[in-house]
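One structure is given here, and the rest of the page talks about it.
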Amino acid sequence: MTIAIGQEKTRGGFDLVDDWLKRDRFVFVGWSGLLLFPCAYLAVGGWLTGTTFVTSWYTHGLASSYLEGCNFLTAAVSTPANSMGHSLLFLWGPEAQGDFTRWCQIGGLWAFIALHGSFGLIGFCLRQFEIARLVGLRPYNAIAFSGPIAVFVSVFLMYPLGQASWFFAPSLGVAAIFRFLLFLQGFHNWTLNPFHMMGVAGILGGALLCAIHGATVQNTLFEDGDAADTFRAFTPTQSEETYSMVTANRFWSQIFGVAFSNKRWLHFFMLFVPVTGLWTSAFGIVGLALNLRAYDFVSQELRAAEDPEFETFYTKNILLNEGIRSWMAAQDQPHENFIFPEEVLPRGNAL
C-alpha cells in the first residue's frame, strides 16, 4: 500500500480576494463590481446633489428640493465655462483649490459625473462579461451594451474633446439634452448626417423588431392543459417549446412573402440592428467633434443666393439652421459676446 502525503497548496492574498468577490450572494460583486459600484454610486449621487443641493444655492437637500418645486425634467448639472478648457477640474486642483462651493460653481461636478458615469457604464459591461464567463454563457450581452457606452462616451467626452472645451458637451439633465440636440442641428446639420440616419434606422428598427417579435410569440403560444394562454403555463426548466415557430413562420410568410425560419438568425438580427445603430451614431458624433461636414449641397446654396425664387428642402433646412444658431448662440456662447439685431432674432413661436 502506498500512502501519498500532500501538502495543501498555499493560497495567496489574490486567491482569497477572488473567492470573496465571486462568492454566491444576493448581489454579485465580482472584480467588475470594484469599478461599477463606486462609480455608479458617485455618478448618481453627484447628479442628485447637483440638481437639488447646488441648484437651491446650497440651502436644500434632496427631499426638500423636490417638495419645494425642483423639477427633474428641467434641472441640470451645467457644463464648465469655456475658459476652463479641458481641465479635469479636480476638487484639489488649481481651479477649485479644495473649496467645494467654488468647485461646484466652476462646473467640477459635471466633470465628476461624466467621468464616473463613463467608468460606471464600462463596469456594468464588464460585469455582464464576467458573469457570462462564470456561468458559461457567450458574451453577447456585454457586446450589446457596448452600444450605449459608445454613445455616452462619444457625446459626453469625445465631442467636447474635439471642440474648444467641456463647455460644448451637453449639461446633465433631460431638458439640457434636448437643448444639445438643437445645438447639434443648428451648428452641425445633424439630422442630414448619414450616420444619424443609420442610427435612427437602427434604434427604430430595433424597436419595431422587438414589438413584432413579442407580439408574434404571444400570438403563437401553446395552450396549457386547461386550454388557456396564461403565463403560468411556462416553467424555465421545461424541455418543450412554449410557442410555435412553424405557425409564426407561416403567418409572416403570408404577410410579407418572406419570414425568419431560424430562431438563431432571428435573434442575432434583433441584436445586430439596434447595436449597429448605436455604434454608427457614435461614429457620427466623433465626426462632429472634428467638425466634419455632411450633406452640404453647396451648389444649391450658391443658386439660392443668386435666385430668390429657388427653394428646395435643403434651402429651407439652411434657414432653419440659421434660425437655431441665431437663437442659441447669444445665450449659449456668452463668452463670444455675440450681438444680433432684434429684427433677425426669432420672435414668439417662430421656433
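Cβ from N, Cα, C; glycine included.
Given the structure is predicted, the values throughout are model-derived calculations rather than measurements.
Counting residues 6+ beyond its ends, the transmembrane segment (39-59) has Cβ neighbours under 8 Å at 65-66, 68, 70, 72, 75-77, 101, 104, 109-110, 112-113, 116-117, 119-120, 123-124, 172-173 in the same chain. For 39-59 (among others), the entry in Swiss-Prot reads transmembrane segment.
The feature chlorophyll a ChlzD2 binding site is assigned by Swiss-Prot to His116, with sequence analysis given as support. A helical conformation is recorded for His116 (chlorophyll a ChlzD2 binding site) in the three-state DSSP classification. In sequence order, Cys39, Ala40, Leu42, Ala43, Gly46 make up the list of same-chain residues 6 or more apart from His116 (chlorophyll a ChlzD2 binding site) whose Cβ falls under 8 Å from its Cβ.
Here Swiss-Prot flags 123-139 (among others) as transmembrane segment.
Same-chain residues lying 6+ beyond the ends of the transmembrane segment (151-164) with a Cβ under 8 Å from its Cβ atoms: 79, 82, 85-86, 114, 117-118, 121, 170, 180, 278, 281-283, 285-286, 288-291. Swiss-Prot lists 151-164 (among others) with the feature transmembrane segment, giving sequence analysis as the kind of evidence.
Within the same chain, the residues at least 6 positions away from His196 (chlorophyll a PD2 binding site) whose Cβ sits under 8 Å from its Cβ are Trp190, Ser281, Gly284, listed in sequence order. The chlorophyll a PD2 binding site feature in Swiss-Prot is assigned to His196; the stated evidence is sequence analysis.
Within the same chain, residues 232-233, 240-245, 247-248, 251-252, 266, 269-270, 273-274, 277 sit at least 6 positions outside the transmembrane segment (206-226) and bring their C-beta atoms closer than 8 Å to a C-beta of that stretch. Taken from Swiss-Prot, the feature transmembrane segment applies to 206-226 (among others).
DSSP assigns His213 (Fe cation binding site) to a helical segment in the three-state reduction. Listed in sequence order, Leu266, Met270 are the same-chain residues at least 6 apart in sequence whose CB falls under 8 Å from the CB of His213 (Fe cation binding site). Residues or ranges marked as Fe cation binding site in Swiss-Prot: His213, His267.
The transmembrane segment annotation in Swiss-Prot covers 277-293 (among others) and rests on sequence analysis.
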Under 8 Å Cβ-Cβ from the transmembrane segment (277-293), and at least six residues away from its ends along the same chain, one finds 146-148, 150-151, 153-155, 158-163, 184, 188-190, 193-196, 198-203, 205-206
Filtered by Cβ under 8 Å and at least 6 apart in sequence, the residues in the chain of His267 (Fe cation binding site) near it are none
